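J.: Let me give you the structure first, and then I'll get to my questions.
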Amino acid sequence: MVVNVVIVAKKYFLFITLLIIQVSLPAHAGTDEKGWFNTFTDNVAETWREPEHYDLYIPAITWHARFAYDKRKTDRYNERPWGGGFGQSRWDEKGNWHGLYVMAFKDSWNKWEPIGGYGWESTWRPLPDDNFHLGLGFTAGVTARDNWKYIPVPVLLPLASIGYGPATFQMTYIPGTYNNGNVYFAWMRFQF
């Protein structure tokens, strides 16, 4: 019974957290300013309806933080997550990136793990050559794992990237506890 409660709590953690945040934020009665949730849903909808590009995702590496794992565990883990994915994306008027994606890759146990969601990155172009770009943002989506019986699990993770032109090396870090989580995951994203 305790295990079932933990599974349900994990399953609805993101939903409950977002609901609490939305309820606790003050309403801006009579202003034209949108709340963060309306901005988020508008960006997702616009990316779905009006994509500028289609993207190919190629998983590149997973790395289990050695300080957070027993060596006997990391020796058994897969850190070459072959797979692939597809997405659509756009750049907004501020130069920020928005993307919708689905991807499947081999996880730490060499089992298939699907993930899909929305990603956003604030983008900087620090060099005179505007093709070079750096990004920092988040992804919100859903994944499912073999060791969790493929029950859909919401994810909210940081994103970072470095790119040149249509090729971007994008990455995230999955936080966790000892021998669980604490995984760096990166992929190439090619924009067409």
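Glycine too: its Cβ is placed from the backbone N, Cα and C atoms.
Pulled these from Swiss-Prot:
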- 1-29: signal peptide (SIGNAL)
- HIS64: active site (ACT_SITE)
- LYS73: site 'Role in lipopolysaccharide recognition' (SITE)
- ASP107: active site (ACT_SITE)
- SER108: active site (ACT_SITE)
- TYR178: site 'Role in the phospholipid gating' (SITE)
J.: Are any of ASP107, SER108, TYR178 (the recorded positions) within 10 Å of HIS64 (active site) when you go C-alpha to C-alpha, and if so which?
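T.: Taking ASP107, SER108, TYR178 one by one, the ones whose Cα falls within 10 Å of HIS64 (active site) are SER108.
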J.: For TYR178 (site 'Role in the phospholipid gating'), which of the recorded positions LYS73, ASP107, SER108 has the nearest Cα in space?
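T.: Of all the candidates listed, LYS73 is nearest in space.
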J.: Can you check which residues sit near ASP107 (active site), meaning Cβ under 8 Å from its Cβ, same chain, 6 or more apart in sequence, and list them in order?
T.: THR62, ASN78, PRO81, GLU113, ARG145, ASP146
J.: Measuring Cα to Cα, how far is SER108 (active site) from LYS73 (site 'Role in lipopolysaccharide recognition') in Å?
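T.: About 10 Å separates the two Cα atoms.
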